[in-house]
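Working notes, beginning with the structure itself.
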């Protein structure tokens, strides 16, 4: 027999298979649809604690067993009384009585009773209709705004249907009548109403005995009674009535007292409440430091307990979570915080009054009403957020997040035993064995240093020494996120190679694969930084290891060597620091007679030199130790001062000393440790976030004469940081912050110096070739790529880059599309100096500049002296240790006008940021705050055409931004439709036929799905961006220089955005430009903060005017000397012609010594000419034979007269006059230059112009 025949053994009839029930029957047959499950459920619920002591919580979270359907019919009657309290002003008393023995429940309230009258349309008493007829209600008017709980016409009738007895008693005082009616047998049987006269006050009382059999119960158990009693306390809080339970008044009748029932004042819980900001919203947040409670939402809507929350909770919680997240991100920037991580630490109370609320089901556990239609809006206050922050929850959230993330770091732990293999790792033979702790891992700065170490291993062997190269600098782990640390390949490699376990406290080193780390890095500031980063890594995660002296070591390789002699008499002196070399030079005739070789990188050494270094390993090994005892830092850091150097050439290190200007934002030059353990303090000072101001003071203490003694082989971490690592921080600032006088950072100055020396005004040169020339000539040590980027940046001229580019961009040097990131490779680019540079940097000034020296070579000046402050012409930005700077450029014409005002003792006029070819506007907000506003035109009602963006907003980025807005807007609009549809579906989950049958929706069949869909929809809608949802589409017609975006909005949305003031900010059509971080090195080499453009200009003019005087004095002296030389040359030639000086006698030339003796006898003076070091007669002896003529005499006399006239003209001019003349010459050249630049720009802008838009009705740069 088939399965089919078996299943149809007793087939149902058609009538049995297809049934029709009326609504009354359906409610009893399908309780889940109306009141929820009628079976017992065991779960945690908030209930009243009958056994609570005076200081104990009265409402507790406890596991109970109850029947949801029974709870719901009870709740319907409770909400019915609450609704009456809202409707009727005279309803101010509600009494709830529960007899646990009989199971009888009654709810009484005063106030207006129900109309005791017969309904004319339906011919039935009104109380009978309301409580005994299904789908009857006073809440069907959709045009009326109601803030009650009832709405669907079921309400207390559900309690009637699920009761064995249900009575309604009400008094209509207006008619002087009292109504009483009794229902039994699940509302199937009803007695005739009893109407009597009654002269006292109105009231309504509902009494019922649930049908316990239908709920599988015999009576009201303790759990259910505790749950019902808690609900009465809810009623006391959510209404303004006096509420009684079993004749005892509940005094905890306000929001604060109600929350106190859960979390009394004596508990450890931290409570923050806002019940006054908005009359329709009461909000509380509880932080549980004991971490015993899970995240909870205890919420109410119009006295209904929304146990699953809803959109009202999401609106409140979302704001609070966002506020806390902002605070947390500020405090711990690198910790990844998700909203759920914040919520899990908090309990939220929300009591909201919502107009015409919508719920997902008849059980009304979850509000689905759209937030926009609440009838009110709760906005969390800053005070409230601060109150929550004060509870300490943010620290807990950060700690939890770090604990989670750090747990992931354990996945990258190393092991003390066994092999570890990495591509570039050369393990010690004993590593990972029982003798592993005796091994040393040599961490090298790159592959070249690895080769140096491998050469050295030929000397010391491989048994106890392993080598692993680092790729650049190690990550600063102290403030990095655990995820970033876990993803860092080098951090992971070191952990596995050494055998380090995350968080382990090491009592000894025997469990490690390597018992020490040796750092092999270049002897320069970047090498110091690498050492510090490795120390920081170990100290941050394994502070116990740095307490072992020598766990971290470094190899002191030579920075330079002085060599003298050859063979057996050869002498070699090695130096590991520039300071020790300078000290040696002082004692050894400035190094004369010695050959000096500089080792800027370990790759400079050949294998023999590497082996030589390792042969004397112990003498070159520096071991670091922990020094907790406090030192007198003040006397140590300020023990020496640097003498001023007035010579034209000075050592670079001298320029760095004490460079923080007394007028800067932080002026202290004494750093005092914040931690009693000075080594601990030094570590966090150098690497930890939050100590930026301390680092500024620390940098200010720098003294180049306070350096590590190279003879010491034991150095404390404290001394390393304060004497060696500090030089990296100082150098970092020097590289990042430009000089007031020329607007150059060191790399820019080197490029300009090399370009002038190469004289590339006429002949263009490849950028890659110029990079090599500049690097070699100026001793640049930070890589060709960095220098090439500097050259490219100096030649860029797109909007937002240079206002006046000194180098010409001959090739694709980058555009406004990406902010210059789209430049071609340096090997494809050519450049040359713009002729206008000659009018800015005057040749006469080059001889008075103070040059630096390095490797015993003269390099670029400390700063140049342009005739206008190029820092204001082109602006600058940079970030260094402790200091950053951001200076926006100005119009050169405004700058020149103000210089001339200052030269005549007038006050300069206020300048504002200016960018060449920017067509948008720069507007002053207040003080030092400006904004850059885009230029756009409004076309019709729903379209704007953007023709320029705020400066610094690049075209590609803006296009991506608009693409993202379109995607967001499409999603938001779809979600809103989906939400609207979901709400509509929730309202119509039951469709009633004439016979009363109903059909459930898909979500009704799957309540979990309904709950999930509602939550996801409302969450997304709550985050909607009004600008994104307003945009319909956009198009663009941009090029590398042209901006052209046309944005079309949905009808009416553009006008709304303009009126609300959200258009410009929402579309990023404005960008702030603040003049609040203008740091510069001044003429003394000290960093100074300037508050205004005027302050920069005044400082520049003061110094530049002195330099004009210095130049004048120098030229007068130089020209007088040149006149003297011309005069004595004339006299010499005349003496030769006259025979007073005899060069030839008897057909033979006289000896040079005889001629020089004759010059001395005739009192001819000696002069220093050209590159000569001492005065001599070179100016005479260099005269050629054919210049000993009368024609040459006349020529020299003419030169002498011209020079005399030139000198007289210069003597007659003041420095101010000289400057003004040069400014005028510059303006004349600048006019020509600017005209050509503008013509070229406009030609490119208008060439092959794209499609034209409609004519605008209104053009504006919107405010």
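Including glycine, each Cβ sits where the backbone N, Cα and C put it.
Quick look at what Swiss-Prot lists:
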| type | residues | note |
| --- | --- | --- |
| ACT_SITE | 828 | active site, O-(5'-phospho-DNA)-tyrosine intermediate |
| BINDING | 80, 109, 137-139, 150-157, 362-364 | ATP binding site |
| BINDING | 445, 522 | Mg(2+) 1 binding site |
| BINDING | 522, 524 | Mg(2+) 2 binding site |
| COMPBIAS | 1247-1263 | compositional bias 'Basic residues' |
| REGION | 977-1015 | region 'Disordered' |
| REGION | 1068-1077 | region 'Interaction with DNA' |
| REGION | 1244-1263 | region 'Disordered' |
| SITE | 473 | site 'Interaction with DNA' |
| SITE | 476 | site 'Interaction with DNA' |
| SITE | 695 | site 'Interaction with DNA' |
| SITE | 696 | site 'Interaction with DNA' |
| SITE | 745 | site 'Interaction with DNA' |
| SITE | 780 | site 'Interaction with DNA' |
| SITE | 786 | site 'Interaction with DNA' |
| SITE | 827 | site 'Transition state stabilizer' |
| SITE | 954 | site 'Interaction with DNA' |
Candidate nearest residue 696 (site 'Interaction with DNA') in space, where candidates are the recorded positions 445, 524, 828 and distance is Cα-Cα: 524
Candidate recorded positions 157, 363, 445, 524, 828, pick with smallest Cα gap to residue 780 (site 'Interaction with DNA'): 524
Residue 473 (site 'Interaction with DNA') and residue 363 (ATP binding site), distance between Cα atoms, whole Å: 62
Candidate recorded positions 155, 473, 476, 524, pick with smallest Cα gap to residue 695 (site 'Interaction with DNA'): 476
Residue 80 (ATP binding site) to residue 954 (site 'Interaction with DNA') - Cα separation in whole Å: 61
Recorded positions listed as 157, 473, 695, 696, 827, least Cβ neighbours within 10 Å: 827
Per DSSP, three-state class assigned to residue 445 (Mg(2+) 1 binding site): strand
Predicted model, mean pLDDT over the region 'Interaction with DNA' (1068-1077): 96
Under 8 Å by Cβ from residue 524 (Mg(2+) 2 binding site), same chain, sequence gap 6 or more: 559, 600, 781
Of 80, 363, 476 (the recorded positions), the residue whose Cβ has the fewest other Cβ atoms within 10 Å: 476
By Cα-Cα distance, the member of recorded positions 155, 157, 828, 954 nearest residue 522 (Mg(2+) 1 binding site): 828
Which recorded positions sit within 10 Å of residue 445 (Mg(2+) 1 binding site) - Cα, from 157, 786, 827, 828: none
The region 'Interaction with DNA' (1068-1077), counted residue by residue under DSSP: helix, strand, coil: 0 helix, 5 strand, 5 coil
Distant-in-sequence Cβ neighbours of residue 954 (site 'Interaction with DNA'), under 8 Å, six or more positions away: 816, 817, 818, 819
Cα-Cα distance linking residue 476 (site 'Interaction with DNA') and residue 155 (ATP binding site), given in Å to the nearest integer: 64
Intrachain C-beta neighbours of residue 786 (site 'Interaction with DNA'), sequence separation six or more, cut-off 8 angstroms: 747
Fewest other Cβ within 10 angstroms of its own Cβ, chosen from the recorded positions 780, 828: 828
Neighbourhood of residue 745 (site 'Interaction with DNA'), C-beta criterion under 8 angstroms, separation at least six: 735, 736, 737, 738, 739, 876, 878
Other CB atoms within 10 A, centred on residue 445 (Mg(2+) 1 binding site): 25
Among 157, 827, 828, which are recorded as recorded positions, the nearest neighbour of residue 476 (site 'Interaction with DNA') by Cα: 827
Rounded inter-Cα distance in Å - residue 827 (site 'Transition state stabilizer'), residue 157 (ATP binding site): 87
